[in-house]
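Positions annotated as Zn(2+) binding site by TrEMBL: Cys371, Cys375, Cys398, His404, His407, Cys410, Cys430, His433. If you look up TrEMBL, you'll see 313-322 marked as compositional bias 'Polar residues'. The domain 'Recombination activating protein 2 PHD' annotation in TrEMBL covers 366-443. Taken from TrEMBL, the feature region 'Disordered' applies to 311-331.
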Amino acid sequence: DVKHNHLKLKPAVFSKDSCYLPPLRYPATCTFKGSLESEKQQYIIHGGKTPNNELSDKIYVMSIVCKNNKKVTFRCTEKDLVGDVPEARYGHSIDMVYSRGKSMGVVFGGRSYIPSAQRTTEKWNSVADCLPHIFLVDLEFGCSTAYILPELQDGLSFHVSIARNDTIYILGGHSLANNIRPANLYRIRVDLPLGSPAVNCTVLPGGISVSSAILTQTNSDEFVIVGGYQLENQKRMVCNIISLEGNKIEIREMETPDWTPDIKHSKIWFGSNMGNGSVFLGIPGDNKQTLSETFYFYMLKCAEDDVNEDQKTFTNSQTSTDDPGDSTPFEDSEEFCFSAEANSFDGDDEFDTYNEDDEEDESVTGYWITCCSTCDVDINTWVPFYSTELNKPAMIYCSHGDGHWVHAQCMDLAERTLIQLSEGSSKYYCNEHVKIARALQTPKRVLPLKKPPLKSLHKKGSGKIL
């Protein structure tokens with residue numbers, strides 16, 4: 001949340017019944033609202049790159065189960081699909097369409113690794129455009145169906161998709177096979193009768209050439225496209241207003257924002273929609289002759305009455321060790337994924353308001369705990385220690401007694417040991433309980449030594465036994 005030119009981050013955790021959600025890069029995301037009033041808004045996540053640089057074909061459904069003044073609790077579940085399951089990919093899109101009281105997810109585009117039979121040591125991470133198929137995904141029954149449309153001939157990735165009712169508009173994108181950003185504009189309509197769905201595509205004139213752009217909605221019928229690239233190393237500084245009215249779509253240039261010199265001279269930029277016509281933009285800090293690990297953030301407001309407002313600048317406390325010069329701008333730049341509206345934390349959810357009822361026992365559920373007598377992890381000064389940490393310290397579960405969580409760094413765990421303990425199911429005991437735990441272990445059963453029986457010897461003429 002951004003208030004009074006300050007960026008505030010609200011802590012988020014996952015419920016105990018959630019599945020593991022890896023930190024994905026370039027997944028396809030969208031929001032989904034069920035037909036029933038009681039159904040809360042959900043977030044659909046598909047594909048993306050995993051931390052070990054593999055591609056995911058999984059689909060996750062995430063929803064908010066609890067939100068208070070202190071933090072937000074999410075529930076994440078994995079959805080199994082049958083049928084024509086989309087292959088693992090990234091840089092694609094997923095949108096929800098609604099027709100005749102039913103809903104479907106629509107997956108399109110993206111890139112995937114070349115087939116395993118063609119992967120060699122030199123080409124192990126080579127990618128190719130996915131086939132330009134349209135996948136309809138029924139989230140209720142977990143089935144997927146692929147459609148081949150003659151109008152879609154080339155694969156696309158990092159395009160812009162706009163969903164409205166039963167229609168999706170596909171704009172721009174990058175074709176890896178031809179290395180071009182064609183001025184595409186497709187209208188895909190999905191009809192969901194009682195029988196089989198009907199999918200048709202229409203090629204429309206007036207498209208734009210852009211990839212990796214950011215889309216924000218200013219009102220019910222109007223969107224704004226910001227950022228992106230028109231060439232591999234050339235940012236697209238022009239913004240476009242997209243108006244939807246009935247079956248018509250109109251794309252026109254917006255008055256160019258008053259970009260700051262730092263944004264103009266930056267080779268790469270990245271960001272995401274924050275709702276209410278606001279876009280969050282970031283550039284590497286080396287453009288300001290400061291530490292190259294630092295990023296600087298800007299807020300661009302695209303609403304009609306705020307078009308000419310100067311960008312607000314923010315400095316982040318999270319750093320990156322990636323060299324921006326080694327990145328491919330349209331694909332490997334950093335990215336955000338904000339799905340909540342910009343004012344979702346207003347009112348009763350004011351950050352600075354303390355409510356004792358919101359307190360929880362963080363000795364079990366929280367990361368910001370005192371795990372041992374020598375624990376020095378401070379929420380205000382903590383910085384990542386392990387490469388697997390993003391914004392919270394790594395923790396490990398001690399199995400002594402009823403069990404409790406401890407910080408891996410406080411236990412002096414090597415990163416290799418931390419990964420092994422996280423992946424395995426073996427019990428772990430912290431430094432304070434390891435001796436007690438060892439004492440409680442049942443000693444291994446030792447077979448008694450076999451001793452030969454004593455023989456009785458009688459001396460002749462004597463009744464004594466020697």
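A Cβ is built for glycine as well, from the same backbone N, Cα and C atoms used for every other residue.
Unlike curated entries, TrEMBL annotations are predicted automatically.
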Other C-beta atoms within 10 angstroms of the C-beta of Cys398 (Zn(2+) binding site) total 22
For His407 (Zn(2+) binding site), the same-chain residues 6+ apart in sequence with C-beta under 8 angstroms from its C-beta are Ile369, Cys371, Cys375, Val377, Pro393, Ala394, Met395, Ile396
Quick note, Cys430 (Zn(2+) binding site): same-chain residues at least 6 apart with CB under 8 Å of its CB -> Cys371, Cys372, Ile396, Cys398, His400, His404, Val406, Met411
With the fewest other Cβ atoms within 10 Å, the residue among the binding-site residues Cys371, Cys375, Cys410 is Cys375
Those same-chain residues, other than Cys371, Cys375, Cys398, His404, His407, Cys410, Cys430, His433, found with Cβ within 8 Å of the centroid of the Zn(2+)-site Cβ atoms are Cys372, Ile396, Trp405, Val406, Met411, Asn431, Glu432
Counting every protein chain shown, other Cβ atoms within 10 Å of the Cβ of His433 (Zn(2+) binding site) number 18
